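Novice: Look at TrEMBL and you will find 317-588 tagged as domain 'Radical SAM core'. Per TrEMBL, the feature [4Fe-4S] cluster binding site maps to Cys331, Cys335, Cys338. The feature region 'Disordered' is assigned by TrEMBL to 617-664. Marked as compositional bias 'Basic and acidic residues' by TrEMBL: 655-664.
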Amino acid sequence: MQFVQLRKSARSRPRDLRAFLPTTREEMEARGWDALDILLVNGDAYVDHPAFGGALIGRFLEARGYRVGMISQPPWQDTSDLLRMGPPRIMVGITAGNLDSMLNKLTAQKKVRSEDQYSPGGQVGLRPNRAAIVYGNLCRQAFPGVPIILGGIEASLRRIAHYDYWSEQVRRSVLLDAKADLLIFGMGERAVWEVADRLRNGESIRDIRDVRGTAYALRKGAWEHLEPSRYVKDGKTVVLPSYEEVRADKQAFAEMSRAFQFETNPGNARPLLQAHGAEAVYFNPPAIPLDTPIMDELYDLPFARAAHWSYEEPIPAFETVKHSIVTMRGCFGGCTFCSITEHEGRVIQSRSAESILREVRALRRMDDFRGVITDLGGPTANMYQMRCKDEAIETSCRRLSCVYPGVCENLNTDHGPLLQLMKSVREEAGVKKVFIASGVRYDLAERSPEFVRDLARHHTGGQLSVAPEHSKKDVLDKMKKPGIESYERFVDQFRCASEAAGKDQYLVPYFISGHPGATLRDMVDLALYLKENGMRPRQVQDFIPTPMSMATCMYHTGIDPFTREPVYTAHDMREKRLQKALLLYWDPAHHEEAREALIKAGRGDLIGTKPRCLVPPATGKGALPIRMSRAHPKGRAPEARPGDAPPPAPRRHPRDNPRPPRPR
């Protein structure tokens, strides 16, 4: 299989019927097409930009000679909208969008969000709950006999039996409920390309059973006669506890999660099988990571770099990323509350500097570009071109994090390629400023004083976001995050680098409340740490148990799947609010809940007016001062610790109204 020569990027014009993948019969006819080969159904608004997974896959397939059309956010009450371009010849691909549809709709407190950042004008209600399931069944009804392929982050992270926070139930594999023929998990370029080619060459979807990064359903008994996998030497398949077992037994759920995690390295992962009643789901090993030439080809695709001209209102998520550049994908951090590794993989896949500079020049040609690149990064800012020093070790390794409990001696942590890239981009003609807004992994950054120096001197706009998450070692161990000492060393480095650059700059630390392992007493200790160090954070994330993360397993089961020891979890919504209130102890709007939390934690001694106290005693005026403080928030609070940011004006946390992640 050979890559074809890709077309050069083209800029879009208003109502240019050929600038985007077709969304209507009129746009098809403008290209001279009578039918599509592949129809993509997308839960997000159609933005033709590489940060949006549907567009990325669509352009990738188009470049390989397929006639690809896109239908975004179709009404799900009937099939009429899906049929506007006719049935595709080869297959239908479905993605719920860049975020899980339930996470996109509901907050940690299970309240409906006021805005959908992936819809025009932020309008809510344009996609159904559990969109992958709804779209799958709708497409099955609309296109009988046409192969239905499920992909995207919702399908990827719900591919096995999983705990669903919003219904508080263990749900089946989304493949079965969506009634799709095949599920593509992870970053889907290799898998969707192979599946499309084999279908075009006349192979039946029922016979496509050996593509890496895919899962398919089997009827009862069929799995007893499976051919040995060609991807493992011994041909063995790992049988996970069944859906019925993990639904009824939390210990079985923890064992399933543990077994799954150890089969995520494409170099040594074995196939998985999980029974669901009379059916089973078979999972091929993950796809091989993309190498640099393929990554470059992806980002050289002819994206219009705009929302489709049919939208009258802007897409909020696009406004955030339109002038940003992705340098890499993947993350080897292994944080238990994050699912990036389960979707993008642990191996870092980097673009070449030449490809990135070509994208910088494409940005310069955009009418609204004013010389500011808002982000140069990926899931993490400073993992560019970092990999295991030895390929043989990388393919055989079953370690789940390359940096926890300490940085692996086999990991190449050289920041040199990133430093050179940063320099090249900021020296490009027409570029005034290059920000690094992706999260900085400070346990890596502290190993490179040169990176911290350039970060402070050239790439910080007064504030830099970092994520220590907590101060207590026991809680950080459950997160698989480095100790707070690593963060403190980075604070000192960044402060010194900022002073040397003659800049008054600050760090904006992110913290998590309600994480498995964190008790009210732990949150009191964290609040005291914040007070002692002069921090008054507004960036507090109430933990959300998202499908397939290991922290979600702990939340549901109360068991650490790695140590098999019990873990405390805050399930009660009231306690979750109390934990968050402790981190916002300085804000009068949260004093009432913080006092309640301190009393429940047995730390009523911290209520008072002494210097060590966290909150003042109740004034006897009831809730009036609290209501008034919400209506009239005070100006930003001072920060006593050098290197930590004065908080911005009060606003919703970006993870409460999620900002767009990198391409899925």
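Every residue gets a Cβ built from N, Cα and C, even glycine.
As the structure is a computational prediction, the values presented were derived from the model and not from experiment.
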Novice: Highest Cβ count within 10 Å among the binding-site residues Cys331, Cys335: which residue is it?
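Specialist: When each Cβ's neighbours within 10 Å are tallied, Cys331 leads.
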Novice: Taking the recorded [4Fe-4S] cluster site as Cys331, Cys335, Cys338, identify the other residues of that chain whose CB atom sits within 8 Å of the mean position of the site's CB atoms, giving them in sequence order.
Specialist: Gly333, Gly334, Phe337, Ser339, Ile340, Thr341, Pro379, Thr380
Novice: What is the number of other Cβ atoms found within 10 Å of the Cβ of Cys338 ([4Fe-4S] cluster binding site)?
Specialist: 18
Novice: What does DSSP assign Cys331 ([4Fe-4S] cluster binding site), in three states?
Specialist: coil
Novice: Tell me, by DSSP, whether Cys338 ([4Fe-4S] cluster binding site) is helix, strand or coil?
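Specialist: Once the DSSP labels are grouped into three classes, Cys338 ([4Fe-4S] cluster binding site) ends up as coil.
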